[in-house]
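Database features, via TrEMBL:
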- 110-352: domain 'Aminoacyl-transfer RNA synthetases class-II family profile' (DOMAIN)
- GLU259: Mg(2+) binding site (BINDING)
Amino acid sequence: MSDHDQTGQEAQSRISAAEDLSALEALRVEYLGKQGSISGLLKTLGKMTPEERQEKAPAIQALRQSVTDAITARKAELEAAELEARLATETLDLTLPAPQAPQGSVHPVSQVMDELAEIFADLGFAVATGPEIEDDWYNFTALNMPESHPARAMHDTFYFPDTAPKGGKMLLRTHTSPVQVRTMLAEGAPLRIIAPGRVYRSDSDATHTPMFHQIEGLVIDKGIHLGHLKWTLETFLKAFFETEDIVLRLRPSYFPFTEPSVEVDVGFAIENGKRILGGSGDEAGHGWMELLGSGMVNRRVIEMSGLDPDEWQGFAFGVGVDRLAMLKYGMDDLRAFFDGDTRWLNHYGFSPFDQPTLSAGVGARS
Ligand code: PHE
């Protein structure tokens, strides 16, 4: 066997024994690198006579070729094995069981908002939104509360120092009613929307927090009257509280943006010190609880929202979402809603798998 054959065989067996890419690279340098042994053999060709070269070159070049091929082949093998190993360690086992205890829960406010969206979707209402950082004009002026209107003082508004584009200061919206104006301006009429969201007032005790939640309702169409408002509220509250035994009391009231304005109370009974909805509040042992504000949209608001009030009429209402949640699910301190106490959330929260649907009853069982 010639020297070259022996070098070749030895190289082949070392290459196929290389355990990883870096060992293989070390062998490549040893044989084919600048200082490599086969590179050294190739350099000797330059010093040979043409005859000698013709005789020896084919064997040396064949050696270089076979070592190069062996390295390429082994490299492909090692890379494939590395990929296999990675795929094996990176697999996700989707058959793993769920955690023993439920992780997290749906906050009652989110639950009630989902329930309301479901109920009103069935009545043909779309969901609209507006900014929480609001322009004085949308929050007050366009709702028929010009500057110095006394009703403004009742809102305990948080103001920003910044001047609003439409005049006055920027503020944290004190109610969801500015979404009425924004939606009419953006979409025109007819309209059927609810607008859920956060609102802010500088007020705090067991039943008031500086941030709370409202849902605004707005219907704009032709020939809308108070009867439509009453039917809608009754239908919504019966679906929400899941009982036919809901008695409403409509009381004349005042809001600058509705005329006439109606405050809606719901009758309840007191059993074991707890308020249970149902029945007329005038019966013995019963009472009325204020639930929401509403009314026929003031024609000045329709006008400022870019519509002709002789052509379009409508009704609007605003409900406190937190209050609805407290009533339906029996919490008594509003402040706990925003404490983020996991014990409270575990007790009053809802399962994320229990989506409210009308067919199964919008009230989740938990
Ligand atoms: N925006 C009123 C409030 O926050 C509620 C309301 C909404 C009244 C729509 C009438 C019509 O108290």
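Every residue, even glycine, has its Cβ placed from backbone N, Cα and C.
Within 10 Å of the Cβ of GLU259 (Mg(2+) binding site) there are 15 other Cβ atoms, across all protein chains. In the three-state DSSP scheme, GLU259 (Mg(2+) binding site) is classed as strand.
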